[in-house]
Amino acid sequence: MSSEAFGFERSSVESVVVPVPESTAELAFEGALRPRSLSEFVGQTKVRAQLELLLQAAALQSRTPDHILLAGPPGLGKTTLAMIVAHESDRPLRMSSGPAIQHAGDLAALLSSLVPGEVLFIDEIHRMARSAEEMLYLAMEDFRIDIMVGKGAGATSIPLDLAPFTLVGATTRSGLLPNPLRDRFGFTAHLEFYSDDELAHVISRASRLLELEIDSESLGEIAGRSRGTPRIANRLLRRVRDFSLVNGREGLEAVQAALKLYDVDDLGLDRLDRAVLSTIIQQFGGGPVGLGTLAASVGEEAETIESVAEPFLVRMGLISRTPRGRVATRKAWEHLGIAQRESALFRDGL
Ligand SMILES: Nc1ncnc2c1ncn2[C@@H]1O[C@H](COP(=O)(O)OP(=O)(O)OP(=O)(O)O)[C@@H](O)[C@H]1O
């Protein structure tokens with residue numbers, strides 16, 4: 001639409017600078033870098049092969065692919081894979097999320113408007129309302145739902161046939177899904193953290209798309225601090241690009257300076273990770289400390305700590321989850337440069 005259509009002249013438009021909120025810019029950046037096919041999707045070799053087979057089998061039998069559950073920490077490519085499933089099977093994609101489905105009616109409206117063969121992506125499916133979950137069981141199994149009309153003794157249920165669809169659910173907390181829901185997915189993909197080599201590949205692909213030149217040392221440095229997560233790798237690349245643009249500095253030295261400025265340490269720990277570690281060590285003598293108490297002390301949601309910080313800290317061997325709570329390991333004390341206190345836990349080998 002032209003600027004004139006809005007009732008002002010082009011020259012006046014050009015002089016107005018409308019700031020784009022950072023989150024919008026980040027989202028656009030993320031979208032631009034999303035692989036569109038399984039062959040462009042880096043790493044997760046096993047999951048890719050499993051998905052490929054599932055999609056090919058469905059295509060050979062001219063049916064909708066089985067329902068797919070994608071489980072794993074944030075930023076590993078669940079949304080990207082859902083888009084790829086739709087793209088590779090040449091089907092339309094509808095996107096929703098658990099928090100947006102707070103009543104069975106929300107889900108009924110969504111399901112009844114699907115076109116035949118559509119891929120329905122529900123992100124954070126573990127956060128869907130319980131009443132909607134129950135409706136989803138029948139929908140996934142028989143492509144049918146029962147709609148309740150009226151209340152109390154006079155209530156009746158009217159069955160409604162749905163168009164066949166493929167549900168792709170994503171969750172960072174597969175343990176929170178009730179078994180009947182989990183069992184109705186034909187395939188569950190557990191996404192793993194990426195190796196540094198795979199992340200270097202992700203960053204090199206993103207640099208090519210952004211027409212940025214980057215040497216292999218810098219690639220390795222960003223990859224090593226990306227916490228096994230492509231989203232973080234792309235985000236750090238963006239910060240490094242900004243730093244180089246503004247300061248006119250390039251190469252490994254610029255990468256290190258940029259990441260230092262943004263508080264990303266050499267293991268890739270960010271502010272939240274370090275807050276979790278230092279709280280366990282400094283306020284709770286290294287632990288054990290329960291998740292709720294830890295979250296309150298750090299000033300974060302327990303879910304954020306459990307799904308965002310903890311999987312990486314456990315994977316790095318910086319914290320252990322014990323029946324009595326979270327414990328900082330010897331490596332965590334060393335990493336924060338705090339002298340260890342001899343405790344029974346260390347004697348137990350933690
Ligand atoms: N295997 C991959 N190869 C290349 N890029 C990837 C890959 N996985 C993820 N990415 C990039 O990382 C970004 C984040 O991925 P995505 O949004 O799919 O993660 P997610 O698991 O859905 O995260 P969340 O759980 O927070 O929704 C995307 O922009 C995409 O470009």
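Heads up, the Cβ atoms here are built off N, Cα and C, so glycines get one too.
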Request  = For the ATP site, TrEMBL lists LEU33, ARG34, GLY75, LYS78, THR79, THR80, GLU141, ASP142, PHE143, TYR194, ARG231; sort out which one of ARG184, ARG239, ARG241 goes with them.
outcome  = ARG184
Key: Recorded ATP site residues LEU33, ARG34, GLY75, LYS78, THR79, THR80, GLU141, ASP142, PHE143, ARG184, TYR194, ARG231, farthest C-alpha pair in Å   = 37
Ask   = Around PHE143 (ATP binding site), how many other CB atoms lie within 10 A of its CB?
value = 17
Note = Comparing local Cβ density (other Cβ atoms within 10 Å) for the binding-site residues ARG321, ARG326 points to ARG326
Ask   = What are the non-local neighbours of LEU33 (ATP binding site), defined as same-chain residues 6+ apart in sequence with CB under 8 A from its CB?
value = ARG205, ALA206, LEU209, LEU210, ASN234
Message = With Cβ-Cβ distance below 8 Å and at least 6 positions apart along the chain, what are the contacts of THR79 (ATP binding site)? List them in sequence order.
response = ARG34, PHE121, ASP123, ALA170
Query = If you draw a 10 Å sphere around the Cβ of GLY75 (ATP binding site), how many other Cβ atoms fall inside it, taking every protein chain shown into account?
reply = 24
